[in-house]
Amino acid sequence: MKLLEQIFEIAKKEPDLIVLAEREQKFTYRQLFAAVSHISEQINERNLNQRPILIFGKNDFITLAAMLATNLRGHAYIPVDAHTPFERTEMIKSAAKPAAVLTTVELSADFEALFTDRISLELTDQILTDKLPALDFSKAVSGNDSNYIIYTSGTTGVPKGVEVSHDNLVTFTNWMNNDFMKIENNQILSQALYSFDLSIFSLYPSLTTGGTLISLSRDETTNFKLLFERLNKTVINTWISTPSFVDICLLDPSFTEKEHPQLVQFILCGEELTKKTAEKLLTAFPSANIYNTYGPTEATGAISSVKITKELLTENDRVPIGFAKPGVDLKIMDKEIIIVGDSVAKGYFENPEKTEQAFFTVDGKPAYHTGDAGSISADGMLRYQGRIDFQVKFNGFRIELQDIEANIQNLKEIEKAVVLPKTNDQHKVTALIAYLETEKTFEDRAAERAFTKELKAELSKTIMDYMMPTKFVYLKKFPLNQNGKVDRKALAQKERGDN
């Protein structure tokens, strides 16, 4: 059965069940499919080709409905968050060449010009009062059809689209449902941007089991006061987020089992879980089931998991990333973690060169080069040992350092750029340091800070805010190693000044 049909079966049985709760409004499964039906009709009226559809919006009800409606009409969806910089959105649109663009937010003039032939969606009273519609699932995505395409950081400065099939998503959803979604009337945190693959941890397992998505707005995730207020008046049973987001919430003294007795499960992914964070969370929620999971976007969500216990933390210097889920074979080749099996995505959308570099086959099965160093113990436990290339996780987001470098080097007065991660004793990336080769001279620190401010303003037009370097270091010439290459280790020792 197709995922959409599974969700629709729940809507037929319990149409008034809450599917998603925003800060000010709650929506039912009936209303979800009324909106899906309405949007799918608008898509159908366009007589589109079968290329993907770009959806520009926020983490909200209407954007979720647009994603499902797109799949209902047989299209993959490309989620792009409304706060994505214009130039980056333009690059994604240019690379994807979507059949159409759906927008669920008000647009500024430049975005209106970019999305000239868009389908503008809004939530109307008619949609919310409609009865549960009869839907035709014959054209809905299935099998190896592409379900969604998420654009991630690319080494050349141009984002690349990870193409995930319906079968990939079914495999992931079934695993999540079998292992984690056994809580009755499950209320599941939906914090990750829809354009970030961590979002599928919440979306599809919740929708296919009759759960309720507790959706946090950007205002709430970026304003601690609003965030803590919302959490303290909201019942959540299953928590899904990056470890960094947990770190933020642990700053609130009331984020404890005593104040949140219904919060019984944590599923963490998106970046390395440090021992300090794991220990703090175990102390705050001693009775909860806490899981560390691992998996790149190219392997559909996560492919391994392990329950966090005091014993596990005592026995390991770094928190292990777990045992492989069914259908996944993990291998270590030249110290690199290789993922083999039915979770591996189709490749990078219409980018055969990048696909060939990262995707291959092992014994006839799809495989992916993660770029992560790791080891597997005799009992099958996978351990993460850092990146083997220039890709890092910072605040839960996967970032290609060369993406930032390429965009900086496009700026005036900058000859070369190297971006390096700064880590703490827990191996967690705490900052991104940009080293810039430039002939620019500064009369004083004030002049340097002013130049940095201008540089950041220009850079913010082409990279996401979470990719912005924390500090900028200016050099006349980069040090070189014996091979004539930039000596990154020497650069790391040259960090100076505050910006």
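Using the three backbone atoms N, Cα and C, a Cβ is placed for every residue, glycine included.
Computed from a predicted structure; not experimentally measured.
Among the features that Swiss-Prot reports, ATP binding site is placed at THR152, SER153, ASN292, THR293, TYR294, GLY295, PRO296, THR297, ASP372, TYR384, GLN385, GLY386, ARG387, LYS485. According to DSSP, LYS485 (D-alanine binding site) sits in a coil region rather than a helix or strand. Taking Cβ-Cβ distances under 8 Å and a sequence gap of 6 or more within the same chain, LYS485 (D-alanine binding site) has no neighbours at all.
According to DSSP, ASP197 (D-alanine binding site) sits in a coil region rather than a helix or strand. Sequence annotations record features per position, and here Swiss-Prot assigns D-alanine binding site to ASP197, LYS485 based on sequence analysis.
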Sorry to bug you, but what's the C-alpha spacing from ASP197 (D-alanine binding site) to ASN292 (ATP binding site), rounded to the closest Å?
16
ARG387 (ATP binding site) to ASP197 (D-alanine binding site), Cα to Cα, whole Å, comes out at 19
Within a 10 Å radius around the Cβ, which one of these binding-site residues has the most neighbouring Cβ atoms: ASP197, GLN385, ARG387?
ASP197
Can you give the largest Cα to Cα distance in Å, as a whole number, for the residues THR152, SER153, ASN292, THR293, TYR294, GLY295, PRO296, THR297, ASP372, TYR384, GLN385, GLY386, ARG387, LYS485 that bind ATP in the record?
38
